[in-house]
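Q: Below are the features I grabbed from TrEMBL:
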COMPBIAS  587-604  compositional bias 'Low complexity'
COMPBIAS  620-645  compositional bias 'Low complexity'
COMPBIAS  654-678  compositional bias 'Polar residues'
DOMAIN    14-257  domain 'Cdc23'
REGION    587-678  region 'Disordered'
REPEAT    250-283  repeat 'TPR'
REPEAT    318-351  repeat 'TPR'
REPEAT    352-385  repeat 'TPR'
Amino acid sequence: MAMQKFFSVLLPDVKRELRRGIIECSKRGLLHTTKWLAEMHHGLADVHIDNEAPDEDRTFSECQLEGIAPEEYSDYFLAKSYYDVREYDRAAHAVRNCESSVPRFLHFYSSYMAREKRRLDSTTDQANLHEPNQMRDLADLLATLRMEYGKSRLDGYGIYLYGVVLKALNLNQAAEQMLVQAIRLVPMLWSAYLELSPLIMEKKKLLSLQLGGHWMRHFFMAHTYLELYLNDDGLKIYEDLQASGFSKSIYLIAQMALVYHNKRDVDKAIELYQALLESDPFRLDNVDTYSNLLFVKEMKTEMAQLAHKAVSINKYRPETCCVIGNYYSIRCDHQVAISYFQRALKLNPKYLAAWTLMGHEFMELKNTNAAIQSYRKAVEVNKRDYRAWYGLGQAYEIIKMHYYSLYYFKIAHQLRPYDSRMLVALGETYEKLDKCENAVKCYWKAIDVGDIEGIAMYKLANLHEKLGDHETAVHCYIMYCEDERAATDKQSLYQGFITLANYYEKKSEYERAAYYAYKCLDSEDRKMEAKALLKTIDWKRNAEGQKKVKTTSAVANADTSSEDEMEWEMQDVRVRVPITSIATTTTSTTTAAAESASSSSLISLRPDRNLIQGMRRSQASRTSLTAPASSTTTTPSATAVTMSTEEAPGTSGGTSNPPEQAPSDDNSSMEISSVSID
């Protein structure tokens, strides 16, 4: 709905308002607003208006002199010339007695700029940004502006200055009210929007502001969305602005590059910055952000070229010093990098990027105390800078003050709720404080929002392993190791591989264990452990193979013994008839006949000697497969039969023993027959 109202504004009217704003801000010395309005005006070069004058009723010269009394022309022109060469005290003195709106604003604004200049000149690297002496100077100016506001002698520009002074004295609520009022009176005053934006801490408050229905509020909304890291909302507005006729605006291109920088779409952001430098090769605004992107991509050659180009344009710009500091930082010359960041801060003590980057350099040098001081100064400049809060958390983590680091990580997470790095940092801190349940929640949330660094799942697996929940830990390790390319920390990846290999080796799943162990052979730190594990897996595989072979052989021997026993029993049935017949016929014959009968029976048994040997083998096999008690219980009659059978044809001590006379009764013969069967 808001964008439909914006589209209803005609571009010629927009261009005419921009031109009028340029004149009004220029004659009051609001240089940055004039510059911004001029860039926006240049982006509408293709839009033609019928009357080239900034106002339909007045000429260009009339607009320039509007708000200045004719009798004050000479004082105003003198004061403006002093102001342009940064002689602010002389400018304020020249128009001290003027009563018209423009010279009076120039007097107050020159007084403010003179105090700011003195503060910046006296500020050292270790000084507080809000020194008491400077605050007293601003308090005097505040009293004057409050009195003028009470008398209703301040126009929209004067109310804007009143809000700026209130904000400098940390009277933020009153400052917000004054800045909103100034915007409603002077909607083209871009600097008022910039001063108001840092006071907005959440989207709900932004939407509740009563700024009026002017089309400039869309630029303010998009800018504040970026400050709140609501990048998608800001990008949507910028795309709509481009579609409505601002496609050639340099400012919009730079802001969209900043959106992609915040979204970590580095390639797209670099592409936009390169296009920006091609269209405006001497632009230094936002060049520090471009340098950060080149640093992330480790494009050292491009960083060197950018540093040389920035120095050739203006070596005394804070952005130039920041670019040079980044170049020395990527070369690991951290001390020189710090010196350039300090130089940038001498030029502009409120230069946020320099404070934050200098803190990073002190962290690289293990100078934790200096890093903490730098990050605190960054927070003083902008309380929404999540990098500074995150840096404070890391610094206190190094000195093992975990409750402090938890506090700062929580603030960073509030500023970047969908940044997995903040959630992982919170999880690690909770883990160190033995609040494992909170740590698990943080790690899972980091995975859900999109793990930038690719370590949340590893941290989660490691935590479950420490808690003894090995099944969950293995599940997490498997998910972590599935995508090897996404893992940024290779040592953590190899740790996951070796953990899975040991787990599956203990569960006797040797194929999967060997698979993960082979993965670790590419790591120098894990190679020896992986080789030892592979040897263990190979030995266990061989041991299981031999065990299976022995089991198979035992089963085969048992089958063979049963077949031999069956063969013996079948042959024993065939010889049972002659033995029985011999036993029954011996009672009615003489001794000679008995010997003859015995000899004939022994002769008939000699061809079946294999039968006796088979019986012994069968007994031996039964003895080995049965309990020891069964092997010692032998039937006496069976032993006698065996011995008589062996001794019949053989000799003992060279003498031949006569065969034992068979019993005469039938019962005895039946007993022998049954024993031979058994």
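Cβ coordinates come from backbone N, Cα and C, glycine included.
Just so you know, TrEMBL annotations are computer predictions that nobody has curated.
Quick caveat, the model's predicted, so the values are computed rather than measured.
Can you walk me through where each of these features ends up in the structure?
A: Among residues of the same chain six or more beyond the repeat 'TPR' (250-283), those with a C-beta under 8 A of the stretch's C-beta atoms are 36, 39-40, 42-43, 222-223, 226, 229, 231, 234-235, 238-239, 241-242, 289-290, 292-294, 296-297, 313, 452.
Same-chain residues lying 6+ beyond the ends of the repeat 'TPR' (318-351) with a Cβ under 8 Å from its Cβ atoms: 120, 123, 125, 129, 284-288, 291-292, 294-295, 298, 300, 303-304, 306-307, 310-311, 357-358, 360-362, 364-365, 381.
If one looks beyond the repeat 'TPR' (352-385) by at least 6 residues along the same chain, the residues whose Cβ comes under 8 Å of a Cβ in the stretch are 126, 129-130, 198, 201, 227-228, 288-289, 292, 318, 321-322, 325-326, 329, 334-335, 337-338, 341-342, 344-345, 391-392, 394-396, 398-399, 415.
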Q: Based on DSSP, tally up the residues of the repeat 'TPR' (318-351) by helix, strand and coil.
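A: Result for the repeat 'TPR' (318-351), in helix, strand, coil order: 27 helix, 0 strand, 7 coil.
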Q: When DSSP states are grouped into helix, strand and coil, how many residues of the repeat 'TPR' (250-283) land in each?
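A: Within the repeat 'TPR' (250-283) the tally stands at 27 helix, 0 strand, 7 coil.
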Q: Averaged across the repeat 'TPR' (318-351), what pLDDT does the model get? Just tell me the whole number, please.
A: 93
